[in-house]
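Only one structure is covered here, and it is reproduced in the block below.
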Amino acid sequence: MSKRYAVVLAAGQGTRMKSKLYKVLHPVCGKPMVEHVVDQISTLNVDKVVTIVGHGAEKVQEHLAGKSEFVKQEEQLGTAHAVLQAKAELAGKDGVTLVVCGDTPLIEASTMEALLKYHHEKRAKATILTTVIEDPTGYGRIIRDDLGIVEKIVEHKDATEKEQRISEINTGTYCFDNKALFEALENVSNDNVQGEYYLPDVIKILKDSDEVVAAYRMESFEESLGVNDRIALAEASRLMQRRINENHMRNGVTLVNPENTYIDIDVKIGQDTVIEPGVMLRGETVIGDDCVVTSGSEIVNSVIGERVHVRTSSIFESKVGDDVQIGPYAHLRPESDIHDHVKIGNYVETKKAVVGEGTKLPHFIYMGDAEIGKNVNVGCGSIAVNYDGKNKAKTIIGDNVFVGCNSNLIAPVKVGDRAFIAAGSTITKDVPDDALGIARAKQDNKLGYAKHLNHGK
């Protein structure tokens, strides 16, 4: 097999996005557009990937670190000029080079592999990836002769009325003989209205030299969708989301209403899990088998075990074991570690908290910077008071502890195994094993006093 290279064009500023974020870094289903492209290329046994960066170079390099080499295009003088920036990296090498735009997040490895194969079969010096669309307005047209051989690419604004009726378009993705590409790039002119160096001109140069130029037509236009504004970004996200969701459903996940379920590309979901509408699964979240996630839930960069039921709750950067009940309206903040058979009820919030097996936090509870043992019951309204206005401190609760309602555990504090905390207590000292901790004022009833109070009656 000949050497394979790839050049990814990612230098454009993307002014039509009207954004401070550089165009190719806008996310599509949890990943920057350009990273989608590079990740697909990386599956093709490519010997070297060179990403052409310009605006936002440092940020692009940060996202693609370890996946690509980089060359900076100091001035954006057109697509041919951009590819030419890789001259020091690639010129003179035997092999083939893919050229792909960094703003086409839907391009798939299988399509690029088919393009490479077709290029080899045709013994071409250049092969254009094309497709057919109903409304080709604005796209370069593929002009073929009577035998179907590619003659040239004509930009829409330069096309005759007859040529404008052609529906086969240039997608902006190419495969070139590497040596021929860089030799031709040296001869591209900027003698045009925009004063830029255009990559399609390489096709004309090769044709004028009687080299073989081919065109591989793909079935799906959506893979070639370039994102230049927020409308196209939304469309790319919609199409990518459909692709992601259909893949999960084929693998045994039930999406009750896939059109209203938002799952990032790196999320993993086990078989027979049910995801209701309005759920957002973000980042590198992993969900096990036989789970249920109900409407309005958001899970971000978290690991969820098997047979977990999440009811309208938020989970961020946390770990949840098997057979856990969460919600409704629970909030697991980062570094929560919920063990097996735990109940996290409504309006419960945890943060940097370990909750032991079989423990119940039924409702209206805050446990921050806390370590809670096994088979603990924490009553309604109880709080691990972890912040004194300056520093955070830790609360430790042993196994088989009962914490009565409306208890305040003032950290740092430790409650021993099998201890009881009386309802309404404010605990400021450690409670030993098997002890009853009670810290509240003695009730004093003032007999007859109520009649002296003005109740407005």
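Note that the numbers count up from 1, one per residue, in the order the chain is shown.
Every residue gets a Cβ built from N, Cα and C, even glycine.
The shown structure was predicted, so the numbers you read here are calculated from the model rather than taken from an experiment.
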Residue from Ala419, Ala423 that Swiss-Prot also lists as binding acetyl-CoA with Asn386, Tyr387, Arg440: Ala423
Alpha-carbon distance [His363 (active site, proton acceptor); Arg440 (acetyl-CoA binding site)] in Å: 22
Candidate binding-site residues Asp103, Asn228, Asn386, Tyr387, Ala423, pick with smallest Cα gap to His363 (active site, proton acceptor): Ala423
Residues in the region 'Linker' (231-251) grouped by DSSP into helix, strand and remaining coil: 20 helix, 0 strand, 1 coil
Diameter of the acetyl-CoA binding set by C-alpha atoms, the set being Asn386, Tyr387, Ala423, Arg440, in angstrom: 22
For Asn386 (acetyl-CoA binding site): intrachain residues, at least 6 apart, with Cβ closer than 8 Å: Gly368, Asp369, Ala370, Lys392, Ala393, Lys394, Thr395, Ala411
